[in-house]
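Visitor: Structure below; questions to follow.
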Amino acid sequence: MTDGDYDYLIKLLALGDSGVGKTTFLYRYTDNKFNPKFITTVGIDFREKRVVYDTQGADGASGKAFKVHLQLWDTAGQERFRSLTTAFFRDAMGFLLMFDLTSQQSFLNVRNWMSQLQANAYCENPDIVLIGNKADLPDQREVNERQARELAEKYGIPYFETSAATGQNVEKSVETLLDLIMKRMEKCVEKTQVPDTVNGGNSGKLDGEKPAEKKCAC
């Protein structure tokens, strides 16, 4: 895909405490590489990737394929950058909420991040995937899978255990979030059937005629 050659622009935001591995996770997803020497993110950074999203018909058959430009925003986890980070919440269409499987404190802080999300996101129930990162370090693990799954079930969101080092579930977790977002937009379009004018967007249904950045009420 060339610049501008896409149907949808989707912005995702990676959230979580400093040191949980957000930067290495996103780098693994966009470049399929692992760099353990990244320095702590200061403020906001982002990476990009183009993907093809295949829709499914009611009968389960493959539908139309859409070209999606993903912007993956990487946020600083430190408290001093919190006001800057929350300013980006309303622009994001989905969230990768991450904690470190080797840090119980980062897991406990997921609740604080959820509170900030619910207060600052574009709606009260945005699309979120909970991610327990550093699954490649089982000997250092402090958070068991049952704890994490129970928390994800409480919030009604998917949960994945990932590793930026090995690539485990990195792509799958982002694909799951994208699928949630695209299905939300499709339902929104079906309900409204009104022309979308955002960024010269689509004609009220997922027809992929022009690049569009869409949001939908929760």
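From the backbone N, Cα and C atoms, a Cβ is placed for every residue, glycine too.
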Visitor: Between 38-46, 65-73, 128-136, 173-181, which stretch does Swiss-Prot give the note motif 'Effector region'?
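Guide: In Swiss-Prot, residues 38-46 carry the label motif 'Effector region'.
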Visitor: If you count other CB atoms within 10 A of each CB, which of CYS123, CYS188 wins among these disulfide-bonded residues?
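Guide: Within the set of disulfide-bonded residues, the most crowded position is CYS188.
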